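What TrEMBL lists as L-serine binding site is THR211, ARG242, GLU264, ASN362. Taken from TrEMBL, the feature ATP binding site covers ARG242, ALA243, GLU244, VAL257, HIS258, GLN259, PHE260, GLU328, ILE329, SER330, SER331. As annotated by TrEMBL, domain 'Aminoacyl-transfer RNA synthetases class-II family profile' applies to 154-393. Among the features that TrEMBL reports, site 'Important for serine binding' is placed at THR364.
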Amino acid sequence: MKLLTNAQKLLLPLLRRQRSSKTTTVQAHDPTAAGQPALTSAQLDELERNAVLRHHRNNVPLIRKLIEASVGGDRSVEQQLAEELGQLPNATHPRLLDYGEQPRELAQYAHRKMPPKPKEFSELARSLNLYRMDHLGNYTGHKSYYLTGQLATLEQAIIQYALESVTKHGFQLISVPDILPKEVIESCGMRTEGERTQVYKLDTGECLSGTSEMALAGFFANKVLSEEELPLKVTAVSRCYRAETSGLQEEKGIYRVHQFTKVEMFAICTPGQSEAELEEFKNIELDLFKQLGINFRLLDMPPCELGAPAYQKYDIEAWMPGREMWGEISSCSNCTDYQAKRLGVKYRRASDGQVLHAHTINGTATAIPRLLIALLESYQKEDSIEIPTVLRPFMDGQESITRNKRIPETKLVKFIKAAS
């Protein structure tokens, strides 16, 4: 962690000069402060090993060249160096260093006996007339979907169940915007430029949020909190937008879509609290899915699966019997001070009044489409879907989902022009 902090201190004062002419939420240390050490060759070697370990873009050779070229004070070089330093991934938890490229399965939870000949979600939903994904390209685009009738009601029940659960643990509900400045999104660790970006960009230069984690983090940008307020825990329900696509058969249907609803948890805490907070997030998620009665497993993710911001991350995968596969339905990450440094989220230490960067934690309480897949495939009957007991209070006590006869089925037909 000290090494990454040292790299952050090299973020050049150019960023400050840029902010003087254009307001932005991105923050950085002032590396010209007296006594700040420069990165040594050995430290750069370690940063490079970390980037390679995480399968991150290895920009350290370029950083070495830019550090040498920046001695002359060329502002364009300084700007490029600042950008490259900002793209370095977070440090990696020592526990993960020998994991290789595979996650460690920590536990499996079995709650239901699987049906003998399970059907896949789309087959189930279509047979009950609760779902539409076909023939939508003309007006909603690829990877779009409609949930209708009782399936749409089930979606809302899951949201209310998740919110009731997390607010009992002290999370405050916040309603967040879906359109954000790209600086906030990039400060949270998601790139908005490049061929492989998952971010939808608008003509205004702003972006559609990929998760409410970004809006929640941005809410606290440039704020100094008191240590007594921490850990500060918030939650949000939002639509999430992802430009990602997949041609994999196992990810067909609503498994990977461009727009979906998610209940997100987010916390700001001190460095001494962050690992315990991550464990709390993990335990909340485990309890949520235990109560839903699905079969799932807990994974400790290897360095190559952490992305840029996470120091460590847990994934939860549900067994989807119709697809005969494990599918990710939740995760939680400790981002330490990666996001806080970029957004200027700080706290004042009670013991001496010193202002320090906070740590941030995020976790998914429910990601609706994939959870619907797991629930319908696990709770299917011959001609109905049993509703998990914990969701029934949010569906007026309803115990099962049967065929929806109110919404007419839609079929693609050719338009035939009548003869005049």
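Along the chain as shown, residues are numbered 1 onward.
Every residue gets a Cβ built from N, Cα and C, even glycine.
Summary for the binding-site residues GLU244, GLU264: the Cβ-based neighbour count within 10 Å is maximal at GLU264. Looking only at the domain 'Aminoacyl-transfer RNA synthetases class-II family profile' (154-393), the predicted model's pLDDT averages out at 95.
Each of the recorded positions THR211, SER331, ASN362, THR364 was scored by the number of other CB atoms within 10 A of its CB, and the lowest score belongs to SER331.
For the recorded positions THR211, ASN362, THR364, a Cα to Cα distance of within 10 angstroms from ILE329 (ATP binding site) holds for THR364. Put simply, of the recorded positions THR211, GLU264, THR364, the one whose Cα is nearest the Cα of GLU244 (ATP binding site) is THR211. Here the Cα atom of PHE260 (ATP binding site) is found 13 Å from that of THR364 (site 'Important for serine binding').
With a 10 A radius on its CB, PHE260 (ATP binding site) counts 20 other CB atoms from all the protein chains. If you draw a 10 Å sphere around the CB of HIS258 (ATP binding site), it holds 19 other CB atoms from the protein chains shown.
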